[in-house]
Every structure is written in structure tokens, then in C-alpha cells.
Amino acid sequence: MEDIVKKLEEKGVKPTAMRLLTYKHLSKMEVAISLGELEKHFKSSERSTLFRTMKTFEENKLVHAIEDGTGFVKYALCDEDCQCEVGNDLHLHFHCNKCDETICLTDHKIPQINLPQGFKAENINLIVQGICVKCGNESADSR
């Protein structure tokens, strides 16, 4: 837990019990999760507390929000040196149409986009939709 406390403090986030538990849970996840999924895990916590925790994490670049087309914002931990800067840190996300999971593809960066003069990008969200490796393997195994 000490490493999580240190990480939160380095980002300027006060390490409350809920923030520590939430970060620990997120660090175990291999996929992005929604606020509803967090609520199911932390049954005794208030939705507003979880929402504020995620917003604090997002504002301090501990997590990034992903709009994957499901109608629910999902969250994933940022890489260690991420600043969530357009042109530097943004990467692809993959949403599986079969299992409904959203995965960060951090090795696949979104290329620099040249916008018309006067336009300034503040966020870029690129979602690839299809069938993930896990679901693809299950389909192949059932043949």
C-alpha cells in the first residue's frame, strides 16, 4: 500500500482510504472499467464518492477516461510517465463487441493530426471495435 500512497502523493492526491482501495482495484484490472463496475465492487460506497474519486484521479492524470461507444465512460490507469497530452500520450483503445471489454493498446499511439488553423485539439479518442484475442480464441476452440 505504501507504493500506492507514494504514487498518489507524487500526483498531488491526498491518499484517503477510498482512493487507496480504488487505485489498488484499478491496478489489478487488465481492462477499463465503468463507474457502475466500480460500484459493484465497492458495494458499501456511495456512487458520488466513487465518481469524485475517479474525477480526482482523472484531473491528476492517474487515470484516463474512455468513451468506447457503450454509453458508459470507462476508466483505465495511466502509464507511469503519462501526462495525457495530445500528440504524446494518447493511444488506441479496443472494444470487443463480444465480451464488451475495453482494452488500452498503449503500444499503439494515435498519430499527430494536423487540424486547420485556429483549431486546437484537447482530446482525441480513437476506439477500434471488433473481437478481442480472448473471444477470438474461444470461437476457434469451439469449432
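Cβ coordinates come from backbone N, Cα and C, glycine included.
Features of the protein shown, as given by TrEMBL:
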{"type": "BINDING", "residues": "C96, C99, C132, C135", "note": "Zn(2+) binding site"}
Entry from the binding-site residues list C132, C135 having the most other CB atoms no farther than 10 A: C132
Shell list (Zn(2+); ref centroid = CB of C96, C99, C132, C135; cutoff 8 A): N97, K98, D100, E101, I131, V133, K134, G136
